[in-house]
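Taking it in order: structure first as structure tokens, then the write-up.
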Amino acid sequence: MLPLVLSSLLLSPAVAAAAQRQRSVISRGDGFLRASINPISGVPALRRRQISEDVENQKTGTRYAIDIGIGTPEQTITLILDTGSPDLWVNPTCETANVPKECGQYPQFDYTKSTSLKTTGFADILSYGKGNASIEYITDTITIGSTKVKDQILGVNFESYDIPLGILGLSPPMDPSDPENYPFLLDTMAAEGIIKSRAFSLDLRSVTEPEGAIIFGGLDTGKFSGSLARLPMLDPSQSPQGFDRYWIVLTGVGLTLPDGTSDKSGTIEVPVFPDSGGTLTRLPTPIFQAFGESFPGAQFDAASGFYIVDCAVGDEAGSVDFYFGSKRIAVPFNDFIWHLADGQSCVLGLLSDDDEPVLGDSFLRAAYVVHDQDNRALHMAQAANCGTNIVSIGSGKNAVPSVTGDCTAAPAPTAVGGGLDATATRQPTNVFTGSSPDATAIGGGPGPAGGRTTASAVGLGPSATPSAKSAAGRTIAVSDIYGTSSTGLKVAVVLVAAVVDKEVLSARFHKR
Ligand SMILES: *[C@@H]1O[C@H](CO)[C@@H](O)[C@H](O)[C@H]1NC(C)=O
């Protein structure tokens, strides 16, 4: 996809009409900024509507999205909110997206129209659990509500695969010592004094209450019950693959049945990280099986890798339980099971993963999570909804206040047995014999960041040339990255943009 073609597409009336979307609810207080997050597709509740568009969307999996303004004048752009990657970029290539039609419904950022944009000549290829994006970096103003974040470095994509929306990443960089790290959105917000420390809280909400929120620099005691448990982030060296993410330790799992009886595993120590860009939860095989083999009526389907369940179970009380020390997060059955596009079958929102266990949206809908990058800790509580009371997060060691949620906690299970075996792999006892659901129907979000490769800029402006130097100072030919045919990438688009002060930008790139 060429930038030139892209910008002409932006002018089409169909795209402009799609831009007439509901604006986010945004409020601002002393040192905090709240913005709405909306599940944009695949919400199981949509299954009851018989509109073909909804069914189509449902195949793609739930993604949580946020609307922000980019450029001057501000253009409203919808982005996937992703706590599993650090970068902010826009303009996915819809032709090669996993869901091209859905991708095409969202407005793209017309960088030729922003008077505050500066080009850089730097480019990278960002890889995700699913898909990748080749981006060229610019700097521009980001607007959240009426708050302006100035000179934020962000990427404009010129060739992406399997990703239907741009991404707003909020994780720490995978390698903290990488000289190519630059100030990400949270860093800039703190540096510009919009928030007092690099912290935000995330409230994705359950499947029946679509509107969640992100609060930069604050938390909302009206959105959880019980205490906020402080869970230190693991050092990257303690993580399975050595990357810095929001790694914490899962110390037990359990299952509470509709009749109120509850079972729990013995103590385990499994590093996991919450990832709002991951639709499903992925856990080591013994835990995956512990849940699957005990979940009411669940049957293992080897072909798709899922446990298939009766959708009606979602209407029953009962929860899949996660323990972090003494903190229990109970995920209601309804939030944990996934409704497939055929409108009839359901699976557990869980896959086995022995390499990089992830707590995806099927977990996060039940958790209220405060992410404190400055102090390298998460604070987690059981999500609930009983009003709004936003409290600022300050700075320093105890920046996140130790507060208790305003909501009434659901009663804890009375008797908890210790019969759930989360350490041994086993032969599945309940095996599905019907015809397999289409596993590819669960598109899901991008998953966690997989890495960053330096690329050549395509030339978004007069200061960049097709063979521009990378951020690392290397010069890589386009053909080195894309194979033999590179003609399409060498088109330099001339646009009206301020000529960047390379020295200033370079300093920004290397300073964190
Ligand atoms: C990006 O993804 C596409 C499609 O999966 C793949 O063909 C391509 O090699 C990937 N590019 C990079 C640089 O990883």
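From the backbone N, Cα and C atoms, a Cβ is placed for every residue, glycine too.
Quick look at what TrEMBL annotates:
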SIGNAL    1-18  signal peptide
DOMAIN    64-381  domain 'Peptidase A1'
ACT_SITE  D82  active site
ACT_SITE  D275  active site
DISULFID  C311-C346  disulfide bond
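Between the disulfide-bonded residues C311, C346, the minimum number of other C-beta atoms within 10 Å of a residue's C-beta occurs at C311.
In the three-state DSSP scheme, C311 (disulfide bond) is classed as helix.
D275 (active site) falls within neither a helix nor a strand when secondary structure is assigned with DSSP, and so counts as coil. Within 10 Å of its Cβ, the residue among the active-site residues D82, D275 with the fewest other Cβ atoms is D82. Checking Cα-Cα distances from D275 (active site) against the recorded positions (D82, C311, C346) with a 10 Å cut-off leaves D82, in sequence order. Across the fold, the C-alpha of D82 (active site) and the C-alpha of C346 (disulfide bond) stand 25 Å from each other. Confidence in the domain 'Peptidase A1' (64-381), given as mean pLDDT, stands at 92. The DSSP secondary structure for D82 (active site) is strand.
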